[in-house]
Amino acid sequence: MNNTLHQKAPGYLLWLLFTLLVFSSLIKLGVWQSQRAEEKEQRLTRISQYQLEDARPLTQVLALEQQGLDINDMPVLLEGQFAPNALFFLDNQIDNGRLGYRVFQVFLSGQAALLVNLGWVPGSLDRQLLPRIQPISGSYSLKGNVRKLEAGVMLMEQQLPPRLLAANEWPLRVQQIEPEKFSPLIARQLLPFVVYLDKNEAIGYKKNWQAVVMPPQKHRAYAFQWFSLACAFLGLMVWASLHHHRQSKNNK
């Protein structure tokens, strides 16, 4: 009998470890989705509060960031001018099923340089052709919202020349907005966030962005699915274990 127990022990332990591993993974996914829902709700609440406030000058926004405050989505007032030529086309941006680009241009405000999202433009079927867009020139007073950048998933690292680009090398197609890597291209240090133009601003292109792409309700629905899968999986494994145990007893 002891030999039988020893023979069953490794298989039982593997069964138990597999069950615990899968169950805990499903629970973690559910918890993660629940946390994302809470984060989205907090962000939407913050955005609603910001809509009641006046835009702050960029210098004030930077001072608040230095104090450790979260400036994401904060309304900001930009005073300055666009840098000539420094135009970036963010690739693979979709609007109503159509492939295009998000257009970013460098804006100079005092000693600060930052990227401004001017909006979406359609792309060509010929991937070699970039949209025929002239850089915006002149001085402006613009309202927008700060957007902190989230790291995207890239299969390959962007290869960019570590030097100042000549006028005839613009515009530049990019796969991800990376101010730190873009800074050598304009010989100025870019701020680590971008500004999305206020939709009421006259300049720019199609301003089709949303603060939150996936609403909190959808995250909660996904969380419910993961928790349900975890419970169903655990129930199935318990049933399979009991069924196997009964069969083993009947075979004796």
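Just so you know, glycine gets a Cβ as well, placed from its N, Cα and C.
Listed in TrEMBL:
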- 12-31: transmembrane segment (TRANSMEM)
- 99-121: transmembrane segment (TRANSMEM)
- 223-242: transmembrane segment (TRANSMEM)
Using a Cβ-Cβ cut-off of under 8 Å, list the residues of the same chain that are 6+ residues beyond the ends of the transmembrane segment (12-31) and lie near it.
223-227, 229-230, 233-234, 237, 241
Same chain, outside the transmembrane segment (99-121) by at least 6, Cβ under 8 Å from its Cβ: which residues?
58-59, 62, 78-83, 86-93, 130-131, 133, 135-136, 142, 144, 147, 173, 177, 179, 182, 186, 188-191, 193-197, 203-209
